[in-house]
Amino acid sequence: MAASDSGTDESLYPIAVLIDELKNEDVQLRLNSIKKLSTIALALGVERTRSELIPFLTDTIYDEDEVLLALAEQLGNFINLVGGGEYAHCLLPPLESLATVEETVVRDKAVASLRAVAAHHTPQALEQYFVPLVQRLAGGDWFTSRASACGLFSVCYTRVSAAVKAELRQHFRSLCQDDTPMVRRAAAYKLGEFARVVEVEYVKSDLIPMFVHLAQDEQDSVRLLAAEACAAVAALLPPEDMEQLVMPTVRARAGDTSWRVRYMVADKFVELQQAVGPELARTDLAQIFQALLKDTEAEVRAAAAGKVKDFCMNLDKAHQEHIIMTMILPQIKDLVCDPNQHVKSALASVIMGLSPIVGRHNTIEYLLPLFLLQLKDECPEVRLNIISNLECVNEVIGIQQLVQSLLPAIVELAEDTKWRVRLAIIEHMPLLAGQLGQEFFDEKLTGLCMSWLIDHVYAIREAATLNLKKLVEQYGAQWAETNVIPKVMAMSREQNYLHRMTYLFCINVLSEVCGKDITTRVLLPTVLSMADDNVANVRFNVAKTLQKMAPFLDPAVIQPQVKPVLEKLNVDPDVDVKYFASEAIAGIAG
């Protein structure tokens with residue numbers, strides 16, 4: 001008897017511990033116990049999880065938001081712990097409560113978990129348990145539950161009977177007309193997703209009127225989400241219905257009084273273009289796009305400018321060049337001199353991509369003057385974006401046309417006061433090296449690459465060493481021996497110990513690409529001589545460098561030259577030097 005009592009006590013232990021921890025005043029302790037729920041459920045077994053743990057959690061949903069967030073996330077992964085899909089409905093009560101709380105992040109996570117759980121329901125279980133939950137949330141007194149309901153229609157709609165589908169459409173229609181803007185916003189956000197699973201005839205009869213209604217909402221936050229749904233709705237309709245059902249809304253929202261709505265139209269423009277097809281894109285969208293490119297708000301112009309290349313690329317090939325040259329190019333000319341730097345920067349990141357579309361002649365005559373103008377722009381991001389996309393132009397007209405303007409722009413960016421700008425131009429050097437050719441690079445840019453090695457910002461020095469490696473990979477070891485290594489080796493004699501360390505970092509990467517002969521004959525002697533440096537940081541970097549160089553050295557020099565130096569460093573008075581020397585000895589021996 002006593003034995004069976006102790007067995008019962010033991011089986012109650014996990015839930016007793018959880019109850020204690022969930023009542024603890026310390027939020028972190030409560031959070032940790034929620035994160036261990038799956039372990040507790042495993043200890044309890046599926047039956048007790050369903051009959052004890054889930055009801056307990058449902059009754060105790062009054063806590064800090066972060067605890068509720070963790071609970072909502074955990075419950076989404078609980079299907080196997082309650083016995084599989086057959087018992088998935090057991091998880092609905094706690095998730096339903098979480099979907100009604102005030103904190104948006106918790107509600108969103110609860111909705112995500114409910115969507116995951118819905119997939120495990122059979123059609124019968126959906127109608128018996130899940131659809132009533134959606135209907136309760138949709139008819140809830142608080143806007144929070146109604147907003148959460150909007151995200152659940154699409155996951156159950158396809159697998160229920162026609163009568164239930166009609167009820168769901170009716171509920172969604174009510175939510176689209178809700179008195180609370182937050183609910184209408186949630187409905188507008190989920191409209192496109194719901195439309196994808198609804199039959200086309202009902203999209204036309206039920207959802208399009210709702211879409212038009214939301215797109216004319218008094219709140220711009222609702223209208224902009226309806227504008228976002230335009231592409232999704234358009235993609236579902238046959239071409240003959242597009243002009244009548246979607247295009248009036250697109251035109252109205254592209255000219256909306258709120259710049260946020262116009263911004264959303266510009267941001268989703270390429271998806272919209274693909275949804276409506278080439279004919280409407282040519283007759284209607286090109287004019288709308290033209291208007292967005294000269295919008296009064298900089299944010300709208302920047303969003304539209306960033307879509308120029310993709311919009312032009314997707315145009316009908318028969319009319320592509322005509323539309324670009326007559327409608328888009330005049331706007332681009334204005335945007336190149338736009339007073340707002342974000343607009344110019346957005347345009348600079350895509351304008352080079354027009355070259356392959358308009359061809360060699362048009363690029364030289366119309367686009368090249370704009371590229372040259374942007375290479376002289378006062379904003380470093382604009383110049384950088386042009387340089388980043390040079391390969392597009394190189395394929396069409398070659399780079400020589402740009403060289404005269406390119407060089408001053410590169411030099412200016414290389415010396416920019418913002419280190420991130422300097423870093424970005426370093427990352428483009430290998431690309432430029434391939435396009436400009438070795439002779440031009442040696443004459444104009446090698447000195448620049450070397451100057452970065454002594455930059456006062458470590459990230460720049462590090463990027464500069466990797467840049468050298470990529471250049472050697474491109475131009476070969478012989479070029480490195482003649483043009484790079486002598487300049488790098490001069491750094492080993494610099495007064496500033498940081499420069500001597502940068503020299504060692506360079507050797508680490510150069511030894512990988514210069515080949516055994518140059519590494520052993522040229523690089524190794526200088527590294528060995530630096531083992532006597534008076535700065536400990538330099539000495540332990542010598543040990544690290546020797547370890548990294550070892551696989552690329554002639555094996556004949558390891559014992560007579562490398563080992564004695566490492567043995568000497570292994571008895572160095574500095575503890576770090578000794579540590580790295582012993583690591584290097586072990587590494588080379590291994």
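From the backbone N, Cα and C atoms, a Cβ is placed for every residue, glycine too.
A quick note: this is a predicted structure, and the numbers were derived from the prediction, not measured.
As recorded in TrEMBL:
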type: DOMAIN; residues: 98-249; note: domain 'Stalled ribosome sensor GCN1-like HEAT repeats region'
type: REPEAT; residues: 14-52; note: repeat 'HEAT'
type: REPEAT; residues: 91-129; note: repeat 'HEAT'
type: REPEAT; residues: 168-206; note: repeat 'HEAT'
type: REPEAT; residues: 207-245; note: repeat 'HEAT'
type: REPEAT; residues: 246-284; note: repeat 'HEAT'
type: REPEAT; residues: 328-366; note: repeat 'HEAT'
type: REPEAT; residues: 367-405; note: repeat 'HEAT'
type: REPEAT; residues: 406-444; note: repeat 'HEAT'
type: REPEAT; residues: 523-561; note: repeat 'HEAT'
type: REPEAT; residues: 562-590; note: repeat 'HEAT'
Residues outside the repeat 'HEAT' (246-284) whose C-beta sits under 8 Å from one of its C-beta atoms, at least 6 past its ends, are 208, 211-212, 215-216, 220-221, 223-228, 230-235, 237, 239, 291-292, 295-297, 299-300, 303-304, 307, 310-311, 314-316, 319, 323
Secondary structure split (DSSP) over the repeat 'HEAT' (562-590) reads 23 helix, 0 strand, 6 coil
Near the repeat 'HEAT' (406-444) in space but 6 or more residues beyond its ends, with Cβ under 8 Å, are 375-376, 380-381, 383-384, 386-388, 390-391, 394, 399, 451-452, 455, 457, 459-460, 463-464, 467, 470-471, 473-475, 479, 483
Sequence-distant contacts of the repeat 'HEAT' (91-129), meaning Cβ under 8 Å and at least 6 residues beyond its ends, amount to 54-55, 57-58, 61, 65, 68-69, 71-73, 75-79, 82, 84-85, 136-137, 140, 142, 144-145, 147-149, 151-152, 155-156, 159-161, 164
Checked against DSSP, the composition of the repeat 'HEAT' (14-52) is 33 helix, 0 strand, 6 coil
Mean per-residue pLDDT in the repeat 'HEAT' (328-366) works out to 86
Taking DSSP H, G, I as helix and E, B as strand, the repeat 'HEAT' (168-206) contains 33 helix, 0 strand, 6 coil
